[in-house]
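J.: Sharing a structure here in structure tokens format.
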Amino acid sequence: MQRDTLVFDLIRQELERQRHGIELIASENFTSLQVMQAMGNVMTNKYAEGYPGRRYYAGCEIVDQTEQLAIDRLKQIFNIEYANVQPHSGAQANAAVALAVLQPGDATLGLDLSMGGHLTHGSAVNYSGKTYKPYFYGVTREEGLVDYEMLESQARTIKPKLIYCGASAYSRDWDYARIRKVADEVGALVMADIAHPAGLIAKGLLSDPFDHCHIVTSTTHKTLRGPRGGIIMMRKDFENPWGLKDVKGNIRMMSNVLDMAVFPGIQGGPLQHVIAAKAVAFGEILSDDFTAYAKQVQLNAQAFAKALVEKEYQIISGGTDNHLVLIDLRNKNISGKKAEQALVAADITANKNMVPFDDKSAFVTSGIRFGVPAITTRGLVESDMQFVVNVIDNVLMNADDANVISAVKKQVNDFMSQFKLYPEMG
Ligand SMILES: *Cc1c(COP(=O)(O)O)cnc(C)c1O
């Protein structure tokens, strides 16, 4: 067969784009070469519906071992009893939990999308808002911190079956114990979605959600720096609260209910090549190198936030505990949309984002979100954050000046050429 040069040329162009720019999208990262190599392998050819040792297809002896390795390593990372590594993405992990825990029409309570929450926590355009009855809590107007009082009063009034915590654009740690307390009071289960900060939680740099939340989900490609995918976890298994029984009449454990919600509930054959790459990434997370990486992410985020504050950028909540900041640009007289476009023109990638109590639409927005996991992987340290903030500020203050933008772009490309990305790829 002829090599598809059209597609491979585009892949090459994408590599060059990633090399030249400053990547500040908070949900992105650069996997190691071996994680990527593990993804492009013959296990993509294998059907393996079911779980290790209990498959609906023959010939699964080898993929059973990679999947079991991924599960065992993940359990070790978070010190947990249960892990499912099959969800194709974070959204799929959340869909499986919803299917396991909720009936159509059941009430849920999550952080509002416009306040930093995620689509899968009850947004009207998502299955989670269409199938279930979503209610929301927000952040406080003054401090920009999760409004736990609102969460508690909503929970007491609504009596949701599931409370979601976790977010996509929130720079502070969570009080999981406080959420669990009200959940117990109203008979709700708590799911923590740690898609963003999982890599920091893995190394004990943020509070541990596992003791307080019944179920924890995550992506594997954000701060965990693995292949694109999802995972579902529990520190302790427990009997499903609805008295569901198996064919022998035994009450099913939550682990069985969750496994069945992933397959056959929402997925067919698992992506065994991606699961192999997850196993590789989890092995890397267990190393001391990753401990150093996670600490550097947090240090870089703090240095980055400090440099922004010095230039009078308004960080929601005033600072960061994790890897990201959300900026309200209204005092700088530029919309999130315009800021995003100007930054991209200078090879700086970040995404526009609603800020709490935003008066602009989701397409325009008043804010922008920056995260440092990807540039930390490139090798940038605290002392580099001033340069990064200087170029951002220069672009945002001169968003209509094509000369400034092209001069900054050159500075950005020169600067990033010091930090090699996939040098093995030539
Ligand atoms: C990124 C994210 C997800 C979804 O992950 P996908 O892999 O894009 O489906 C879910 N929840 C939160 C909080 C996220 O930030």
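Even glycines carry a Cβ here, placed using N, Cα and C.
According to TrEMBL, the protein carries these features:
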BINDING   L113, G117, H118, L119, S361, A362, F363  (6S)-5,6,7,8-tetrahydrofolate binding site
DOMAIN    2-392  domain 'Serine hydroxymethyltransferase-like'
MOD_RES   K222  N6-(pyridoxal phosphate)lysine
SITE      H221  site 'Plays an important role in substrate specificity'
J.: Using a 10 Å radius around each Cβ and all protein chains in view, which of these binding-site residues has the most neighbours: L113, L119, A362?
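T.: The largest 10 Å Cβ neighbour count belongs to L113.
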J.: Restricting to the same chain and to sequence separations of six or more, state which residues have a Cβ under 8 Å from that of K222 (N6-(pyridoxal phosphate)lysine).
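T.: For K222 (N6-(pyridoxal phosphate)lysine), the qualifying residues are A26, S27, E28, N29, A195, H196, A198, G199, P373.
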J.: As a test of the contact definition, list every same-chain residue at least 6 positions from G117 ((6S)-5,6,7,8-tetrahydrofolate binding site) whose Cβ is closer than 8 Å to its Cβ.
T.: G110, L111, S123, F136, Y164, A167, S168
J.: Could you give the maximum C-alpha to C-alpha distance in Å for the residues L113, G117, H118, L119, S361, A362, F363 that bind (6S)-5,6,7,8-tetrahydrofolate per the record?
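T.: Maximum Cα-Cα distance: 16 Å.
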J.: For a Cβ distance below 6 Å to any atom of ligand 1, name the binding-site residues from H118, L119, A362 that qualify, or say none.
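T.: From H118, L119, A362, counting a Cβ under 6 Å from ligand 1 as near, the near ones are H118.
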J.: In angstrom units, rounded to an integer, how far apart are the Cα atoms of A362 ((6S)-5,6,7,8-tetrahydrofolate binding site) and H221 (site 'Plays an important role in substrate specificity')?
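T.: If we compare the Cα positions of A362 ((6S)-5,6,7,8-tetrahydrofolate binding site) and H221 (site 'Plays an important role in substrate specificity'), the gap is 24 Å.
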J.: Within 10 Å of the Cβ of H221 (site 'Plays an important role in substrate specificity'), how many other Cβ atoms are there?
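T.: Cβ-Cβ neighbours of H221 (site 'Plays an important role in substrate specificity') within 10 Å number 24.
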J.: Below 8 Å Cβ to Cβ and six or more residues apart, same chain only. Which residues does that give for H118 ((6S)-5,6,7,8-tetrahydrofolate binding site)?
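T.: Same-chain residues close to H118 ((6S)-5,6,7,8-tetrahydrofolate binding site) (Cβ under 8 Å, separated by 6 or more) are N94, G110, L111, G166, A167, S168, D193, A195.
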J.: Round to the nearest Å and give the CA-to-CA distance linking H221 (site 'Plays an important role in substrate specificity') with S361 ((6S)-5,6,7,8-tetrahydrofolate binding site).
T.: 28
